[in-house]
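Peer 1: Handing you this structure, nothing more for now.
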Amino acid sequence: MAEFVRAQIFGTTFEITSRYTDLQPVGMGAFGLVCSAKDQLTSQAVAVKKIMKPFSTPVLSKRTYRELKLLKHLRHENIICLSDIFISPLEDMYVVTELLGTDLHRLLTSRPLEKQFIQYFLYQILRGLKYVHSAGVVHRDLKPSNILINENCDLKICDFGLARIQDPQMTGYVSTRYYRAPEIMLTWQKYDVEVDIWSAGCIFAEMLEGKPLFPGKDHVNQFSIITELLGTPPDDVIATICSENTLRFVQSLPKRERQPLKNKFKNADPQAIELLERMLVFDPRKRVKAGEALADPYLAPYHDPTDEPEAQEKFDWSFNDADLPVDTWKIMMYSEILDFHNVDANAEQAAHNNDTVAG
């Protein structure tokens, strides 16, 4: 039985196993406080995220279960890696991942990025997205603060709390406004993996320019700013709008022509502009795919088709339409955590056996 210890962080009780020491607050995640800690087992620095009261409502239980399942399933160099997970006696959940020193938002607010860093960061974002999308997952909330970076410039995408199934009927409204794809704002009816490519394009533009490309004050202003640069949406995109109010709003806007991006980004590499043009396209069906973008000439210094893996299997979304009581989600969550620790223990045992044989 694990021994739990308590610590007070910003007035919040962290109740964690004695394996983790030296807790220091590093920020707030989407649904909880994040601390750095030292893992006594591995001597590595880790991030510990507290998800408060995951069993308080069926909606929160389901969301927590979804993030847990995703973190278990997604295993890739450019995706944050789950190293431990447990539920405390107070029934809060703690998710332990590797700790990276900073995030892209902090980097962008501290100094302009040199060309080779912009290329390398964009390459890693797209490499991660190629894998995520091949698993049948859409991140939906890609933004600079969800992109973690270490001192070696290794990059990892995090915060899959809002991620959803690839579904042509996907609904709702999610990501931070500046990075939100127009089809989310326009239709509220259906969107797919292309929303992440739009977000990545906005992040790419911000790396080139040093400031957000579309800093809208609200949804209406956001869309207006987008059309100033990219022009009025084509008729076949407007035809997909389901909401009468949204349709009237779009039709009321003055007709605008798409502006050449090279006029906006005067100092940027022409190849960077060409790739950005392929990412920031109104029609999601014509937006470049992650795998195609990786093969773009701009990313040639890093592109290696033999080292840009796809997921071995699709993520199982069968639970996603379930409307279950808290107690059922709780049993399912405990089952997933037990499975994670069993798989982990078996992998360690296999590695130990191999070492013994090799020795």
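Just so you know, glycine gets a Cβ as well, placed from its N, Cα and C.
So Swiss-Prot lists the following for this protein:
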DOMAIN    20-299  domain 'Protein kinase'
BINDING   VAL26, GLY27, MET28, GLY29, ALA30, PHE31, GLY32, LEU33, VAL34, LYS49  ATP binding site
ACT_SITE  ASP141  active site, proton acceptor
MOD_RES   THR171  phosphothreonine
MOD_RES   TYR173  phosphotyrosine
Peer 1: Can you see whether DSSP assigns the residue listed as 'active site, proton acceptor' to helix, strand or coil?
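Peer 2: SS state of the residue listed as 'active site, proton acceptor' = coil.
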Peer 1: Just jot down the residues in the same chain as GLY32 (ATP binding site), at least 6 apart in sequence, with C-beta under 8 A of its C-beta; none if empty.
Peer 2: LYS49, LYS50, ILE51, MET52
Peer 1: Tell me the coarse DSSP state (helix, strand, coil) of VAL26 (ATP binding site).
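Peer 2: Assignment for VAL26 (ATP binding site) reads strand.
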Peer 1: Please report the number of other Cβ atoms within 10 Å of the Cβ of ASP141 (active site, proton acceptor).
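Peer 2: Other Cβ atoms found within 10 Å: 22.
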Peer 1: What whole-number Å value do you get for the CA-CA distance of VAL26 (ATP binding site) and ASP141 (active site, proton acceptor)?
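Peer 2: Distance between the two Cα atoms comes out at 20 Å.
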Peer 1: If I take the alpha carbons of VAL34 (ATP binding site) and ASP141 (active site, proton acceptor), what is the distance between them in whole Å?
Peer 2: 18
Peer 1: State the mean pLDDT for the domain 'Protein kinase' (20-299).
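Peer 2: Taking every residue of the domain 'Protein kinase' (20-299) together, the mean pLDDT is 89.
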Peer 1: Counting every protein chain present, what is the number of Cβ atoms, excluding its own, within 10 Å of the Cβ of VAL26 (ATP binding site)?
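Peer 2: Counting Cβ neighbours of VAL26 (ATP binding site) within 10 Å gives 16.
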